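Straight from Swiss-Prot, the features:
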- 1-23: signal peptide (SIGNAL)
- 42-63: repeat 'Cell wall-binding 1' (REPEAT)
- 65-84: repeat 'Cell wall-binding 2' (REPEAT)
- 86-105: repeat 'Cell wall-binding 3' (REPEAT)
- 124-145: repeat 'Cell wall-binding 4' (REPEAT)
- 147-166: repeat 'Cell wall-binding 5' (REPEAT)
- 208-227: repeat 'Cell wall-binding 7' (REPEAT)
- 229-248: repeat 'Cell wall-binding 8' (REPEAT)
- 273-292: repeat 'Cell wall-binding 10' (REPEAT)
- 294-315: repeat 'Cell wall-binding 11' (REPEAT)
- 317-336: repeat 'Cell wall-binding 12' (REPEAT)
- 338-359: repeat 'Cell wall-binding 13' (REPEAT)
- 361-380: repeat 'Cell wall-binding 14' (REPEAT)
Amino acid sequence: MKKVRFIFLALLFFLASPEGAMASDGTWQGKQYLKEDGSQAANEWVFDTHYQSWFYIKADANYAENEWLKQGDDYFYLKSGGYMAKSEWVEDKGAFYYLDQDGKMKRNAWVGTSYVGATGAKVIEDWVYDSQYDAWFYIKADGQHAEKEWLQIKGKDYYFKSGGYLLTSQWINQAYVNASGAKVQQGWLFDKQYQSWFYIKENGNYADKEWIFENGHYYYLKSGGYMAANEWIWDKESWFYLKFDGKIAEKEWVYDSHSQAWYYFKSGGYMAANEWIWDKESWFYLKFDGKMAEKEWVYDSHSQAWYYFKSGGYMTANEWIWDKESWFYLKSDGKIAEKEWVYDSHSQAWYYFKSGGYMTANEWIWDKESWFYLKSDGKMAEKEWVYDSHSQAWYYFKSGGYMAKNETVDGYQLGSDGKWLGGKATNKNAAYYQVVPVTANVYDSDGEKLSYISQGSVVWLDKDRKSDDKRLAITISGLSGYMKTEDLQALDASKDFIPYYESDGHRFYHYVAQNASIPVASHLSDMEVGKKYYSADGLHFDGFKLENPFLFKDLTEATNYSAEELDKVFSLLNINNSLLENKGATFKEAEEHYHINALYLLAHSALESNWGRSKIAKDKNNFFGITAYDTTPYLSAKTFDDVDKGILGATKWIKENYIDRGRTFLGNKASGMNVEYASDPYWGEKIASVMMKINEKLGGKD
């Protein structure tokens, strides 16, 4: 090909392009053209009707040939023989150019599936952005745009749709192309349209129905490539759980809100089932369906034993469980106690558990070639008398719980069957009796229950009323009534301790037990210092009547002490490590809300919980002995969530069960709260004593 020459003409003619030229009937003379008027053509276009083509006659009067002509912003190409190129490709210096039907070189335009750039040259192996279509295209080596195919360009794969458009931010089968159009090769991808994560593998396809290990965690990609999250997957003969972030649950607990149960997933993510898990310093059991055992019994076939799992799934050990209307005991290894003896260090007593683990109560047990008796609270009778209503006889159980027989105990003869040969354990000449059972009822003359009193309490024989072999007329803590003879044991006032009162010249004390006394009032002038006084009601004495300032105080009246003053009590009385310390505001809140005296509430809680330091207080936030029954105080005591709820919840309970029912003062066994709240006949007196002590320390405002 001839070297291309660009002709830059400063045209002086009106005619600037072939479109404006006219056909001529002139003649050719070699490379020159004579027009119809005989003049020679120069610097102008000529259209030859014979050749049906345009020619350009240069200034030297020869036609342009194998060269470019620029007119204005347009380029034309004159081929060999001078013919103007049109509607065709022209190759020049290894590049291809396209001349349109008017002979103009096309630029920045599509020619079929090819594209010519700004210079007019056909684009080869390069990207083209078409703003008209707002899309990218790629021109291959053959000059045609890629279409319906993948191309690898500079190490990256791209897909071009029908029409050559570059696919971006879309799926193509199992592959995904990002915003730049490049195929994602490996890694995580979040698709907003599907609101899911996908994982692209090394081959460029998404993971489908398979596990992926990434950054130390396993993930599962479901059918369609969707990442499993907050859901269960059954695989490898086991259940697995994928958490909210898609990670497999492993060596951890998961709560499933649908089944409302906890599950544990072992190493590798396998769901634990029919097996034990040690965690949080406790054993847990995962049942056959994987659910954590909770508030239920589980039989383990391997150890052939029953276990109980508490709230939270913790295995019960060294604890009591109330279930099926019976107490059960779980030993240190969690196994249910069954057909065996158990010593409870807290109650310092032995218990026997029958087949099935049921606690024995009010029953005889034959063991070690001897009879043993389990009382109503399940405790083994030891070093004590027991009345058996079935055989209507008294028995004595020695140290170790062995039933005594063919021997004399405390002067009483026992037969070969263990029965006391002397009949009833009463002495009609005795003035005082002691309560034998854990609790015993006091009845009116018609047999209706009046109150109940605790084991060891001393009652007075009321000689003004008639007693018989079945019941004795008694009086205690202001209450007169009758008690079953089988519940009482005669005392010898010359040898046995009988509760009494005594003044030291400053305080008047009630000695309720050997070396145990409580101040109940200030010294009165009518009192003789050092003299023992006896009273059946704690109010009337020989020569004077006692006025206890708080025993009959109306507890619906507010105290005169503030929360801050109540808080000072602990330092004034040198009381440390108390859960009730700095809870004056809570006691005052209870007073305001439930209209119960805050000083009384503090004193009551102090008595029942040893100033907030008892085991029941620490373990259960129970400071008022709520449902702490005499037979099972710790086990039956109600549990509160925290200290404040323990105070407020108990106050509400006291209001509903006592204050609202007219028992608005502490009282004794004849009237007031003491009638039913506690079996201790001096419970009210003891709380009143604490109130008196606090009142004195705080200045006597009440």
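Cβ atoms here come from the backbone N, Cα and C positions, even for glycine.
Source: prediction; values computed, not measured.
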Residues of the repeat 'Cell wall-binding 7' (208-227) by DSSP state, where helix covers H, G and I: 3 helix, 11 strand, 6 coil
Close approaches to the repeat 'Cell wall-binding 10' (273-292) from elsewhere in its chain (Cβ under 8 angstroms; 6 or more beyond its ends): 239, 253, 259, 261-264, 298, 300, 307, 309, 313-315, 334
Intrachain neighbours beyond the repeat 'Cell wall-binding 5' (147-166), with Cβ under 8 angstroms and 6 or more residues off its ends: 113, 133, 135-138, 140, 172, 175, 177, 181-183, 204
Residues in the repeat 'Cell wall-binding 5' (147-166) grouped by DSSP into helix, strand and remaining coil: 0 helix, 11 strand, 9 coil
Secondary structure content, the repeat 'Cell wall-binding 3' (86-105) (per DSSP, counts of residues): 0 helix, 11 strand, 9 coil
Secondary structure content of the repeat 'Cell wall-binding 2' (65-84), with strand meaning DSSP E or B: 3 helix, 11 strand, 6 coil
The repeat 'Cell wall-binding 7' (208-227) [mean pLDDT, rounded to integer]: 96
DSSP-assigned states of the repeat 'Cell wall-binding 1' (42-63) in counts, ordered helix, strand, coil: 0 helix, 12 strand, 10 coil
